[in-house]
Amino acid sequence: MATSEEEINHENEELKMIKKKKRKRENKKTKKQVEKPVSESDEDEKTVDRVEEEEENNGNLNVEQDGEEEEAVETEVTEVEKKKKKVTSKGSGIMSTEAFSNLPLSEPTMKAIEDMGFQHMTQIQARSIPHLLEGKDVLGAARTGSGKTLAFLIPAIELMHCLKFSPRNGTGVIVICPTRELAMQSHAVAKDLLKYHSQTVGLVMGGAARRGEAERLVRGVNLLVATPGRLLDHLQNTKGFIFKNLKCLVVDEADRILEANFEEEMRQIIKLLPKDKRQTALFSATQTKKVEDLARLSFQTKPIYIDVDEDRKKANI
């Protein structure tokens, strides 16, 4: 009896082993079927492993490079922000924190400034415009690119707007520039600022057709941009050119005008222009003795001296 039980147990063990082997074979077969599409041979598996290893290494390298690039970008952004703060902060750089909307400007002028895309004033604008709007004379030390064109044109246009200047009143503002190029630039800015105003603007300069200029002057140019030689010519020789109502004279880049040997022309121009209740603004990058002499001749009263470069020597007027 004992022997029979032992035989049964032995058979059961063999049966279990057979079933276990069978399950192993089935699992192995299933595994091969699943893996076959991915890698059909040991060589393919090795290739896949190698590619994965390279990708992992490249990934690590890219992470390091990305980290370096991000650090470089952050450094660059920081430098740009520093420069931006230097430029836009009040008291440093060309810009101020003062907005044009804070000025007591007419709606047509403000609308034109908005169309031109300006919101904040430069240093020379923020410090000059309020005084000029009050009718005071200004001697400004400012270089090209400082924004001085708007600094003198905005108050000049506001003056004509308040006085309701029309073509029949003749010329109310004269802006004298040293070169044709600068005169054309100032004329273009004046046209943009006068976009919503009724006042007229004109340009006279050497090399242009004199007859056409004379005809426009006779019809009435409220704001006139000019070079010294041609302006003197029209003042002396163009009949019907009304300038007796002149309210504002602007001399832009006086140092360059004098360097170009227009000193005598400027003296004659200033003598011919009316002095009664005339506002004067003179801008110059440098304050030489000749500029100071011209300033003394031009101003009727002691001007307000404005210089955004605090280290520059103050002019003696």
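Each Cβ is built from the backbone N, Cα and C atoms, and glycine gets one as well.
Automatic, uncurated: that is what TrEMBL annotation is.
Annotated in TrEMBL:
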REGION    1-80  region 'Disordered'
COMPBIAS  7-17  compositional bias 'Basic and acidic residues'
COMPBIAS  18-31  compositional bias 'Basic residues'
COMPBIAS  40-57  compositional bias 'Acidic residues'
COMPBIAS  65-78  compositional bias 'Acidic residues'
MOTIF     98-126  motif 'Q motif'
DOMAIN    98-126  domain 'DEAD-box RNA helicase Q'
DOMAIN    129-305  domain 'Helicase ATP-binding'
Looking only at the domain 'DEAD-box RNA helicase Q' (98-126), how are its residues distributed among DSSP helix, strand and coil? 16 helix, 5 strand, 8 coil
By Cβ distance under 8 Å, which residues at least 6 away from the ends of the motif 'Q motif' (98-126) in the same chain are close to it? 88, 90-91, 133, 140, 142, 146-148, 150-151, 154, 157-158, 161-162, 192-197, 306, 308
If you average the pLDDT over the domain 'DEAD-box RNA helicase Q' (98-126), what number do you get? 97
